[in-house]
Amino acid sequence: MRISVFGSGYVGLVTGTCFAEVGNHVWCVDVDAQKVASLQQGKVPIHEPGLAALVTTNMAMGRLQFTTDAAQAVKQSEIQCIAVGTPPDEDGSADLQYVLQVAHTIGQQMTDYKVIIDKSTVPVGTADKVRETIQAALNTRGVGCDFDVVSNPEFLKEGAALEDFTRPDRIVIGTDNPDKIIPIMRELYAPFNRNHNKLIVMDIRSAELTKYAANAILATKISFMNEIALIAEQVGADIEQIRLGIGSDPRIGFHFIYPGCGYGGSCFPKDVQALIYTAQQLGINTRILNAVEAVNQQQQQILFQKINNHFQGQLQGRCLALWGLAFKPDTDDIREAPSRKLMEALWKHGALVQAYDPEAMPETRRLYGERTDLLLCDTPEAALQNADALVIVTEWKLFRSPNFDFIKAHLKHPVIFDGRNLYDPQRLRNRGFTYYAIGRGEKISY
Ligand code: UDX
């Protein structure tokens, strides 16, 4: 098949590359000429395991092309995927300008039947707006052209995106023209839909809402556990034992019940807020979603509160070693990362940060620039030198079994604040550390 994918961000790059890998001819279109130029040289702007190699192979095979030439891309393909960003507006609503710009471009250029697949996470009703925008552009040109708009939300996780795309647990298709669209989508997804049928066909609005509902329920599980962790901490219980105790009930399950220093990333915070906004516009009071969001805001402050509490509010001139900047392992993404809230609070109180992250330091440097209260270190060990304490923010594998003797020898105080519950509290205490984790029995008054 011939496919154009608009937007070469996370979803677009993964979608385009995976479709090319199974033999389709894919044009990835982006308005950012610099990004396109560097992709044309095989340079992938994001860290996603396996993606760069796949991009290079498929470019070499001539199946994957990067271009700024939207007109050409529209003409060449029957399938047009929209995979541009929907960043939050100030009021929390999703900003649709990029989605609708693509729709306008498609309407300006199309001369024959097209299937427009919306893969961006968009509020309910966006497919209608996309359709109207395309139709308006066609009307302006005086061209009569048939087209279908399909909602096909993407559920991939950063760090596991290729696996998620190629072995999906569901392929949600929202359409108002199933007789025509289902055979096309079945053919498009056939390579990823081999053992049992994962296509779930529904109306467009349900598909649009499915994506938000999925992210919102996952965020709810996390905030719920973070709230139970607060209780556990105060009553002298261990949330990690509780996690095992409840996760073993298949109705609850072990996924997404890890307490921590709050969820981040490009999806959960933005999508929960956008869903709250949509509901508010309809006069619905989203009590659960509001709480999910509020608990997470508070949880992103928890490491700072523990640090501030330990040092009795005396943070001026203190130096904290920070392990992990990315919002989760296996990505260089620091959007809405808990590390940022923590660093910003520490800086506000006059503390210095010595940070290490395997992938996210270039992005951190780009965002914060050169500043005297942030030192980005080449190794986890270098970050410890003369620091008052160690803080773990992201659960990268290389932080799981560190040399504790080295840590103790190089920190000014043997204190660890662990936002991801990586270590056994008793073992660390036996080694002479003061160890603060999340919900593991140490009573703290905030
Ligand atoms: C998420 C959804 O999982 C994915 O289906 C959707 O398409 C996009 O949003 P992603 O943002 O890549 O994916 O990351 P995910 O692995 O879901 O983690 C999100 C955040 O939740 C991270 O900050 C992570 O640290 C946190 N988290 C996750 C927890 O705090 N506890 C958990 O148990 C699980």
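The backbone N, Cα and C atoms fix where each Cβ goes, glycine too.
According to TrEMBL, the protein has these features:
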{"type": "ACT_SITE", "residues": "CYS267", "note": "active site, nucleophile"}
{"type": "BINDING", "residues": "ASP30, LYS35, THR86, THR121, GLU158, LYS270, ARG335", "note": "NAD(+) binding site"}
{"type": "BINDING", "residues": "PHE155, LEU156, LYS157, GLU158, LYS211, PHE256, ILE257, TYR258, PRO259, GLY260, GLY264, LYS328", "note": "substrate binding site"}
{"type": "DOMAIN", "residues": "321-425", "note": "domain 'UDP-glucose/GDP-mannose dehydrogenase C-terminal'"}
Mind running the binding-site residues PHE155, LYS157, GLU158, LYS211, GLY264, ARG335 against ligand 1 and keeping the ones whose CB falls under 6 Å of it? PHE155, LYS157, GLU158, GLY264
Secondary structure at LYS35 (NAD(+) binding site), reduced by DSSP to three states: helix
Relative to the Cβ of PHE155 (substrate binding site), which residues of the same chain, six or more apart in sequence, are found under 8 Å away? ASP164, PRO168, ASP169, ARG170, VAL172, LYS211, ALA214
Select the most exposed residue of LYS35, LYS157, ARG335, where exposure means the fewest other Cβ atoms within 10 Å, treating these as the binding-site residues. LYS157
Whole-number Å value for how far PRO259 (substrate binding site) lies from LYS35 (NAD(+) binding site) (Cα to Cα): 36
If the substrate binders are PHE155, LEU156, LYS157, GLU158, LYS211, PHE256, ILE257, TYR258, PRO259, GLY260, GLY264, LYS328 per the record, what's the largest distance between their Cα atoms, in Å? 24
What does the structure give for the C-alpha distance between PRO259 (substrate binding site) and the residue listed as 'active site, nucleophile'? Integer Å is fine. 18
Quick one: largest C-alpha distance among ASP30, LYS35, THR86, THR121, GLU158, LYS270, ARG335, binding NAD(+) per the record, in angstrom? 24
Site of maximum Cβ density within 10 Å, from binding-site residues PRO259, GLY264: PRO259
Would you count the other CB atoms within 10 A of the CB of THR121 (NAD(+) binding site), including those on all shown protein chains? 24
List of residues, in chain order, with Cβ under 8 A from that of ILE257 (substrate binding site) and at least 6 apart: LYS221, ILE222, PHE224, MET225, ARG243, ILE246, GLY247
May I ask which of the recorded positions LYS157, GLY264, CYS267 is closest to THR86 (NAD(+) binding site) if we compare their C-alpha atoms? CYS267
Quick check: of the recorded positions listed here (LYS157, GLY264, CYS267), which one has the Cα closest to that of ARG335 (NAD(+) binding site)? GLY264
When DSSP states are grouped into helix, strand and coil, how many residues of the domain 'UDP-glucose/GDP-mannose dehydrogenase C-terminal' (321-425) land in each? 35 helix, 19 strand, 51 coil
